[in-house]
Amino acid sequence: MTYDFDLFVIGAGSGGIATARRAAEYGARVGIAEFDRLGGTCVTRGCVPKKLMVYAARFPSIFEESQGYGWSPVQSSLNWEDMINRVNNEVTRLNGIYQRMLDNSKVQVYQGRAKFVDNHTVEIGDTKVTADKILIAVGGTPIRPDIPGIEHALISDDLFTMSPQPQRVVLLGGGYIGSEFACILNGLGAEVIQVIRHDKILRGFDEDLRTEIQEGMIRHGIKIINNAEILEITKTDSGVNIKLKTDKEENILADAISLAALGRKPNTDNIGLENTGVKVDETGMILVDSYSRTAEDNIYAAGDCTNKLQLTPVAINEGRAFADTVFGGKSRVMSYENIPTAVFTNPEAATVGLTEAEAIEKYGSDRIQVYRSRFRPMYYTLAGKEEKTLMKLIVDQESDRVLGAHMVGDYAAEIIQGVAIAVKMGAKKADFDATVGIHPSSAEEFVTMR
Ligand code: NDP
């Protein structure tokens with residue numbers, strides 16, 4: 001049977017686009033469907049605009065710190081609308097780049113929602129296309145849990161277009177998005193209250209990291225209400241009222257916005273999966289094997305709509321591994337071990353490998369040696385600030401292998417990216433010790449910890 005395409009990709013986010021282009025490089029005839037802007041969550045309403053806002057939020061402290069170096073006080077104020085416009089213009093520029101990249105790769109783009117008709121047929125509006133292989137890369141969307149009045153809460157997508165600048169914000173959720181936006185909005189001048197249901201933010205990260213980040217955020221003026229259950233959100237004339245249960249019941253008022261960052265769910269509801277044999281779990285995540293293959297032989301899935309990790313580089317890597325295997329004759333699977341990740345909070349944090357708790361659970365406490373260093377980076381001495389950097393290595397004493405590296409502090413993401421190569425290669429603590437440090441830097445601490 002001949003098909004219109006060798007590969008049809010549903011969803012032109014980071015994973016979908018990378019896969020389409022890689023398959024096209026191998027000579028495959030590729031089509032891709034997207035109902036929104038090209039680039040998906042990461043480019044349009046996630047990592048990219050978020051990171052630009054992280055940069056924007058840094059300036060007030062930089063202005064302050066400059067005085068420690070002899071600069072006169074800086075008089076500057078934020079034009080919120082201008083910042084939002086500039087961020088969105090950059091997103092539009094990137095959307096255009098994606099279009100050109102797909103055109104150059106001769107990938108045919110279909111604008112619209114794609115839906116399975118059967119295992120080899122997809123319809124986009126009135127158009128039907130057939131394909132030998134189909135990749136589902138539809139991404140995810142924020143969850144709105146069953147809390148009375150949750151419809152009054154915004155989601156992170158809204159922040160990139162919101163105007164005027166919020167003055168008092170209540171953020172619900174202590175994960176990546178809740179914590180990052182708490183810091184962005186705080187840095188940009190809002191009064192921020194973050195409500196979390198456990199004792200600390202960023203569950204799943206190393207305990208020392210969680211404590212260091214949370215304490216840093218509080219030091220920067222963010223109020224964190226922990227062990228709180230959100231009972232109800234109501235709209236009032238003066239904003240949004242959030243009713244909470246901690247050890248008592250309390251009400252907090254946000255200035256028109258409360259932001260829910262309570263996890264994400266896959267966009268698998270209306271894509272016609274019922275017309276295929278593709279299996280999903282109870283949350284709608286598509287079940288795939290190590291080759292990203294679903295329960296149907298010719299249908300694959302990658303990225304946030306699968307039961308794996310919700311990170312852009314993971315989606316890209318999964319998709320490319322699929323394209324290499326199926327269209328490039330180079331069979332390979334994505335490795336999920338030692339995936340580094342960063343949280344762009346203030347202080348920033350990044351991590352690779354096992355946490356101390358995970359290492360102890362896996363190897364037993366007798367085998368695990370923890371190296372820790374906490375110091376004030378040189379930059380803050382003249383600036384006169386008590387900002388701290390924390391670095392931590394988790395080592396298996398038996399093999400001397402570094403099992404995990406964790407950092408909170410300036411440039412954590414940039415530093416851990418390099419350390420992650422060593423950890424992924426199976427470097428030993430002796431290899432770290434044998435590496436000459438770059439002096440003076442914070443990063444050198446990773447090779448001098450004793
Ligand atoms: P996360 O899964 O990171 O965090 C969700 C948060 O919401 C947790 O603090 C959780 O609490 C809390 N929560 C969930 N349900 C409820 C509820 N019913 N009531 C109260 N609290 C609740 O989700 P995010 O939305 O922050 O981010 C989604 C994903 O996007 C992340 O997992 C990450 O993979 C990705 N991402 C990555 C970024 C990066 O790489 N820098 C940046 C942004 C997003 P608890 O954990 O205590 O149970």
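Quick reminder: no glycine exception, Cβ is built from N, Cα and C everywhere.
Record features (TrEMBL):
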type	residues	note
ACT_SITE	His439	active site, proton acceptor
BINDING	Lys51, Asp304	FAD binding site
BINDING	Gly173, Gly174, Gly175, Tyr176, Ile177, Gly178, Ser179, Glu180, Gly263	NAD(+) binding site
DISULFID	Cys42-Cys47	disulfide bond
DOMAIN	5-319	domain 'FAD/NAD(P)-binding'
DOMAIN	339-449	domain 'Pyridine nucleotide-disulphide oxidoreductase dimerisation'
Cβ-centroid neighbourhood (8 Å) of the NAD(+) site, Gly173, Gly174, Gly175, Tyr176, Ile177, Gly178, Ser179, Glu180, Gly263 excluded: Phe181, Ile201, Leu202, Ala261, Leu262
The domain 'Pyridine nucleotide-disulphide oxidoreductase dimerisation' (339-449): DSSP-derived helix, strand, coil residue counts: 40 helix, 33 strand, 38 coil
Entries of Cys42, Lys51, Ser179, Asp304, His439 (recorded positions) sitting next to ligand 1, with Cβ under 6 Å as the cut-off: none
Residue pair Gly263 (NAD(+) binding site), Asp304 (FAD binding site) - Cα distance, angstrom, rounded: 12
Euclidean distance between Cα atoms of Cys47 (disulfide bond) and Gly175 (NAD(+) binding site), Å: 14
Shortest C-alpha distance to Cys47 (disulfide bond) - which of the recorded positions Gly173, Ile177, Ser179, Asp304, His439: Ile177
When distances run from the Cα of Ser179 (NAD(+) binding site) to each of the recorded positions Cys42, Lys51, Asp304, His439, the nearest one: Lys51
Most Cβ neighbours inside 10 Å, all chains, among the recorded positions Lys51, His439: Lys51
Cys42 (disulfide bond) versus Lys51 (FAD binding site) - Cα distance in angstrom: 10
Neighbour tally for Gly173 (NAD(+) binding site), based on other Cβ positions within 10 Å of its Cβ: 26
Ser179 (NAD(+) binding site): secondary structure state under DSSP, collapsed to three categories: helix
Reported mean pLDDT - the domain 'Pyridine nucleotide-disulphide oxidoreductase dimerisation' (339-449): 98
Cα-to-Cα gap, Ile177 (NAD(+) binding site) vs Cys42 (disulfide bond), nearest whole Å: 12
Pairwise Cα distance for Gly173 (NAD(+) binding site)/Asp304 (FAD binding site) [Å, integer]: 19
For Cys42 (disulfide bond), the three-state class that DSSP assigns: helix
